[in-house]
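A quick write-up on the structure given underneath.
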Amino acid sequence: MADAAPAGDAPPNAGAPAGEGGDGEIVGGPHNPQQIAAQKRLQQTQAQVDEVVDIMRTNVEKVLERDSKLSELDDRADALQQGASQFEQQAGKLKRKFWLQNLKMMIIMGVIGLVVVGIIANKLGLIGGEQPPQYQYPPQYMQPPPPPPQQPAGGQSSLVDAAGAGDGAGAGGSAGAGDHGGV
C-alpha cells in the first residue's frame, strides 16, 4: 500500500497478527502488484476450496441420510414380501376350503334333486313295481257286469231257464244267456 509510515519506529502493521498485515497482506517482503494479485488469487482459491469442502460435507451428510433411508426401505420391502407370502398361502388355503364346501354343496343339491325327481317319477308311475291306478267310474255310473261263464249243456239248464225267465227272453237255454248282457 502507498500509505506513508507514521512517525516513530513502529511498523505500519503493528496491531495485526503475526505473519499478516492489517489488510490481510503478508508481512515482510516487497508489496509489488504481482504479489498482491497472487495473494488475491490465493484467497479466492482458498474461498473456493472452503466452498467445495462445505458442499462435500453436505453431500456426504445427504449420502449417509439416503443410505439410512434406503436400508429402512429395504427392511420395509422385506417385511412386505414376507406379508405377501403369508397372504398368498392363506389365500390358497381359503380357496381350497371354499372349493371343498362348494363341492359338498353341489353334491348335496344333486342328491336332493335326484330324490325329488325319483319321487315325482314314482308318483307318475314311470318307475316302481306298481301300476298306475286305472280309470274308475264315478259312483253314479255302474260298471257293466262281466258276462256270465258259459255252462255245459244238459246238467244245469233249470238254473239257466229260471234266470232267463225273468228277462222275458224265453226258453232259449244256455245259448241266449250271453246275448243280452251287454246292453
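A Cβ is built for glycine as well, from the same backbone N, Cα and C atoms used for every other residue.
According to Swiss-Prot, the protein carries these features:
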- 1-106: topological domain 'Cytoplasmic' (TOPO_DOM)
- 1-17: compositional bias 'Low complexity' (COMPBIAS)
- 1-32: region 'Disordered' (REGION)
- 41-101: domain 'v-SNARE coiled-coil homology' (DOMAIN)
- 107-127: transmembrane segment (TRANSMEM)
- 135-183: region 'Disordered' (REGION)
- 141-151: compositional bias 'Pro residues' (COMPBIAS)
Going by DSSP, how much of the domain 'v-SNARE coiled-coil homology' (41-101) is helix, how much is strand and how much is coil, in residues?
61 helix, 0 strand, 0 coil
With DSSP helix as H/G/I and strand as E/B, how many residues of the compositional bias 'Pro residues' (141-151) fall in helix, strand and coil?
0 helix, 0 strand, 11 coil
Determine the mean pLDDT over the domain 'v-SNARE coiled-coil homology' (41-101), rounding to the nearest whole number.
96
